[in-house]
Every structure is written in C-alpha cells, then in structure tokens.
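A.B. asks: Copied straight from Swiss-Prot:
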type    : residues                                                      : note
BINDING : GLY12, PRO13, SER14, GLY15, ALA16, GLY17, LYS18, GLY19, THR20 : ATP binding site
Amino acid sequence: MNGAVPMLAIDGPSGAGKGTVAGLLARRLGWNLLDSGALYRLLAFAAVNHGVDLTNEEALKVLAAHLDVQFVAADGSHGQRIILEGEEVTDVIRTEQVGAGASQVAALPAVRDALLQRQRAFREAPGLVADGRDMGTVVFPDAPLKIFLTASAEERARRRYLQLKAKGADVDQSALLEEIRERDERDSQRAVAPLKPADDAILLDSTEMSIEAVVETIIRHCERQGWDV
C-alpha cells in the first residue's frame, strides 16, 4: 500500500449512498475514485455471462484475476463509466439481481483475496476516495480518514425505490426492504471481511440528511486533515 498518498475510506451497508457521496467527493477533491462494490458486481455479472457458477470459488478466483475492466471518469451520480470486455455496463450492473450475486461472491475468501491488490492499486496521487464494505478495515486499514456511512433500512429502501422508479423499473418497496435486510445480515455475518465500522471510523447516519449535507459534513473532516478542498 502507498501510505504516502492521502485517501478517504467510506464504508457502509447497501443503499446508504456511498457511491453517490464518494463520486461527489472525488470530483470535489480532484482525486481518484474506487467503487469497490462495482468490482464485485462486475465479477458476478461476468460469471453469469461466462457460465461460471457463483459458488465455484476457484473458477471465480481465476475470473477475478483476469477481469478486463476499465473505469472511465464521467459525470453522473457514480462519477465514472464502467467498461467490461469492451462494452459499457455502468447501468447494467446496478440491478438488484446483480447486487445479490455480488454479495454472494464477496463472501468467498479466494475472491476477496484475488481482488485485494487490484483495489489497492487505485491508491495513486493526488489521492483516493474509496467506497465499499471493508475499505477501512481490510483494504486500506492505514487510511487517515475513515467514514462509516449508514441509514435506516427503511430509508435505504425508500431511496432505492425512488431511484429505480426514476429509471422506469416496476418495483415494490416492501420487497426492496426485505432484500436490503437480507443483504445486511449476509454482509455482516460473513466469515471474511464482515461489514462493520473500523475502530477509528467516524460514524455518520444519513437517514435524515441530504446527499449535499453528507458531502459537506465529510468535507469538514477532510479540512481537519489539512487536505486542500
């Protein structure tokens, strides 16, 4: 790990707004962006496309090591376009089905190990904003600033419902709430890199906060680090 490069680690459960907040912060700071969840979504998506069973740990490990993926800076809520094997999959990998698959493969030790160095390679000058579920605990334990961003399951389901409805999807909010609760349990109970705040993380509950308020709150913490914002 390149500890000389400043970085901000943002962890939290599904639907807490990590991706949107991280993208906005990366643009504000002029730093690189790592959406670690996208890597697991990409792996799950690629596995299905290549006929690899999501329980086949060895095959998934090989696939993870050879993912042909590019992250291209762009406007929008996630701050980047994602290209897999030459095709843009930015929106395709954001479905609930792919998310469930990502949570499944993320529980496999060999998969997490295969993607670990790939994630750490994103830490380059002038800095990095990384979001995920184990950024501050496993991937970048030396990050000088760690945020654990959360919100109530009900609020996260509401946000996801509005997001999907805006895209024209036919979704049921109660079903989304159940999926979020199931994923929370799966992510927090897995044996490897379970979802939990780092001991030195700042806890931030965004249930009653706007995205803008969350960003400004984190920016104030960045200023305390002496970073140029």
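Cβ atoms here come from the backbone N, Cα and C positions, even for glycine.
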A.B. asks: Just checking, which of GLY12, SER14, ALA16, THR20 (binding-site residues) has the fewest C-beta atoms within 10 Å of its C-beta?
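C.D. replies: THR20, out of the binding-site residues GLY12, SER14, ALA16, THR20, has the fewest neighbouring Cβ atoms within 10 Å.
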A.B. asks: Determine, for the ATP site, the additional residues of the same chain whose CB lies within 8 Å of the mean position of the CB atoms of GLY12, PRO13, SER14, GLY15, ALA16, GLY17, LYS18, GLY19, THR20; present them in sequence order.
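C.D. replies: In sequence order, the nearby non-listed residues are VAL21, ASP131, LEU149, ALA151, ARG156.
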A.B. asks: For LYS18 (ATP binding site), just count the other CB atoms lying within 10 A of its CB, please.
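C.D. replies: I get 27 for this one.
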